[in-house]
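Undergrad: Here's the feature list from Swiss-Prot:
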type: TRANSMEM; residues: 20-40; note: transmembrane segment
type: TRANSMEM; residues: 65-85; note: transmembrane segment
type: TRANSMEM; residues: 102-122; note: transmembrane segment
type: TRANSMEM; residues: 131-151; note: transmembrane segment
type: TRANSMEM; residues: 160-180; note: transmembrane segment
type: TRANSMEM; residues: 183-203; note: transmembrane segment
type: TRANSMEM; residues: 218-238; note: transmembrane segment
type: TRANSMEM; residues: 272-292; note: transmembrane segment
type: TRANSMEM; residues: 303-323; note: transmembrane segment
type: TRANSMEM; residues: 342-362; note: transmembrane segment
type: TRANSMEM; residues: 373-393; note: transmembrane segment
Amino acid sequence: MPSISHPPSALRDFLRSEAAGGVILMAVAVLAMIVANSPLADSYFHLLHVQTGPVLSEKLGPMTPHLWINDALMAVFFLLVGLEIKREFVDGRLVTWQQRRLPFIAALGGMAAPALVFLAVTAQSSGLTQGWAIPAATDIAFAIGVMALLGSRVPTALKLFLTTVAIVDDMGAVVIIALAYTASIKGIALLAAAVILGAMMAMNRAGVRHLAPYLLGFVLLWFAVLVSGVHATIAGVLAAFTVPVVATPGAPDSPDSPLHRLEHALHPWSAFLIVPLFGFANAGISLEGFSLGSLLEPLPLGIAAGLFIGKQLGIFSLIWAAVKLGIAQRPRGSTWLQVYGLSVLCGIGFTMSLFIGMLAFASSPDLIEEAKLGVITGSLLSGVLGYLVLRFAPPAADAAQAETEIDREIEQDGDVEAIEGKLRQ
């Protein structure tokens, strides 16, 4: 059976853009915190909430920069998430069930354990249970950004495994947003969204390969979903699933594969503009009135504990169990301590956790601020501990050989089956 070749630079380009974007996101988050607690604070919050557009949705009210970022630009971010998910399942590292097994197991543990920890911590507090999904998310840009600071100390196999787990995690987050955080529905708008989505699927079936019709459909679908009451970012994922994908050996910009072209084009915009803007608009927390004791309030404590304790516990324990039971194999060239470090890094939930927090407590600004405090605290603890573990973890005995083999496959052949073989022991 002939091997399937992939763009030789795609994986490296992805890791490089995510790593650089993660570093920028860290800087922007720190900047937002500084501005929100400086003499510029009033201007910062006023700028975010000044009316800059009409009322597109009765639920949202007049559009503001904050809403344009969270409900429009983030729809583009979710479009990219959807493209990544589809590519991985059709033409990437999740093509076969054998390849999907360990990432799915890890992501399951990484979503269930944080939610259970959150519910346990907040069990005695009323009105907080809807925040159970906040610590279940992983911020791939932040995590890869931390790994970038470690350079070659982190095996390539672990970096690729992290991206795969995060993509599966994103799938779960999308389902949660669609099912758990949708209130009242407007039937006519939802029907219009279904018709638009059906038309986009029909274009795919008819062999339409130009991107313009799909992008137009995405905009129309976004508006219909926004009006319907379902969160508008879901439109991005749904639209992505209709974009055709065609294997394009060695040619990520080939016109034969609209999905590869669109994903390749959106990555820098997402990594260097959309996600940093989201971070700047949402990470700014005024610490006035907060104290160290505020971290012990049920909501921030539950979120921080879910991210810092639940994530590492859920991911590492299920990976360990899967390997010991012979269900899957540990990424080649890595040690158990490095796998633990990766599990800790997955507790960086920044972007997606902040996003879910605002959906969970949309009617309570005070709880949103508490949720932000918990997300930032849990993410910071996870980032610092994950960095230290990976920084001082000794390399595996076969690390150099595995790294050489994996690099050769990625840079020269790009053969997905060969790469996956090298990534497993």
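Just so you know, glycine gets a Cβ as well, placed from its N, Cα and C.
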Undergrad: Of the listed stretches 65-85, 102-122, 342-362, which one has the most C-beta pairs under 8 A with the transmembrane segment (272-292)?
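TA: The stretch with the most contacts is 65-85.
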Undergrad: So if I exclude everything within five residues of the ends of the transmembrane segment (65-85), which remaining residues of that chain have a CB under 8 angstroms from its CBs? That is, six or more out.
TA: 47-50, 52-53, 167, 170-171, 174, 218, 222, 226, 231-241, 243, 259, 262-263, 266-267, 269-270, 274-275, 277-278, 281-282, 355, 358
Undergrad: Is the transmembrane segment (131-151) packed against any residues at least 6 beyond its ends, judged by a Cβ distance under 8 Å, and which are they?
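TA: Distant Cβ neighbours of the transmembrane segment (131-151) are 15, 18-26, 110-112, 114-115, 117-119, 122, 158-159, 162-163, 165-167, 169-170, 172-173, 176, 180-181, 271, 275, 299, 302-307, 310-311, 345-353, 355-357, 360-361, 367, 371, 374-375, 378-379, 383, 386-387, 390-391.
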Undergrad: Under 8 angstroms for C-beta pairs, at least 3 of them, ignoring pairs fewer than 6 apart in sequence. Is the transmembrane segment (160-180) in contact with the transmembrane segment (342-362) by that rule?
TA: yes
Undergrad: Should anything in the same chain at least six residues away from the transmembrane segment (303-323) have a Cβ under 8 Å from its Cβ atoms, list it; otherwise answer none.
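TA: Here the qualifying positions are 101-102, 105-118, 121, 131, 134-136, 138, 165, 295, 329-330, 336, 339-340, 342-344, 346-349, 353, 357, 371, 374-375, 377-379, 381-382, 385.
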Undergrad: Mind checking which residues reach the transmembrane segment (218-238)? Cβ under 8 Å, same chain, six or more beyond either end.
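TA: Apart from its flanks, the transmembrane segment (218-238) reaches 56-57, 59-60, 71-72, 74-82, 85, 174, 177-178, 181-186, 189-190, 192-193, 196-197, 200, 355, 359.
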Undergrad: Near the transmembrane segment (373-393), which same-chain residues lie under 8 Å Cβ to Cβ, leaving out any that are not at least 6 residues past its ends?
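TA: Residues 29, 33, 134-135, 139, 142-143, 146-147, 149-150, 153-154, 283, 285, 290, 294-295, 299-308, 311-312, 335, 337-338, 340-342, 344-350, 353-354, 357.
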Undergrad: By a Cβ-Cβ criterion of under 8 Å, what residues six or more beyond either terminus of the transmembrane segment (102-122) are in contact with it?
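TA: Residues 94, 128-129, 131-136, 138, 161, 164-165, 167-169, 171-172, 298-299, 301-303, 305-307, 309-311, 313-319, 322, 327-329, 343, 346-347 contact the transmembrane segment (102-122) from elsewhere in the chain.
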